[in-house]
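Remarks on the structure that follows.
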């Protein structure tokens, strides 16, 4: 089912509000051609062709016995595969399929590298799929991971049976995210000597609190504080992430659309998938649906886990 007016009307009622539906209806009517498809300019792929070194990603594989392509989970910026442990186990129980979770380059237990772009992260994912002899999969990516999933689908569509982009669209992300401030605050954290882990976390949180006001975000960032050789450090590559932050907020340009099923699953309380993004979603992913989960913000899978799992399972089983 494509992004048609009837689908969008059903989505808007009770979620983003009737005023958004009216706005989109007017926009669609003025932008669509006679056959109901949006008239959009095609881009180029010049930014996606440069070579880069592929990183051997760290992964966890949750075994399942049911047939069907495995589910591959991709985390967001400052996240790691451990964010999806409970989600992965639940998906194995509900679908019976294998579930693979990955640490992106410069995150978690994966190696660091000087390049942090979506084509590079796409190449990393393709390599691990090849290494594990996975010829087709269902990609599920949150935020940065969602843009990585889109890039893999657009570059290597035969590898992706379908995909889910969680609370992110193929549009440039407005830098209202606070990520530049988070990076700067993390870089300023200083922990002296060999101290207990509990003390290190407390001191780091105190230093972050002047910039990162939300306690939940501080706790999320602190999952990256690790001990190495008796001292504490950030396991994410802050320097490279900072250098490539604009690459991560942007999205590469593509000409050819992805022909398979896609789901853009947003939080109803989050601004990251809006009506302004629908034309580009329609252009690149003509078989996409857009759904919103009530009461969820950007971290949809954490805010409304039950609803998130139901949406994922319904989409996976809709083949």
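Here the Cβ of each residue, glycine as well, is placed from N, Cα and C on the backbone.
The transit peptide annotation in Swiss-Prot covers 1-28 and rests on sequence analysis. Residues annotated as domain 'AB hydrolase-1' in Swiss-Prot: 69-304. Here Swiss-Prot flags 143, 239, 298 as active site, charge relay system, drawing on similarity to another entry.
Per-residue confidence over the domain 'AB hydrolase-1' (69-304) averages out at a pLDDT of 96. Residue 239 (active site, charge relay system) is 20 Å away from residue 143 (active site, charge relay system) when you measure Cα to Cα. Put simply, residue 298 (active site, charge relay system) is 25 Å from residue 239 (active site, charge relay system) when counted between their Cα atoms.
For residue 239 (active site, charge relay system), other Cβ atoms within 10 Å of its Cβ number 13. Long-range neighbours of residue 298 (active site, charge relay system) (same chain, six or more residues apart, CB within less than 8 Å of its CB): 143, 167, 267, 270, 272.
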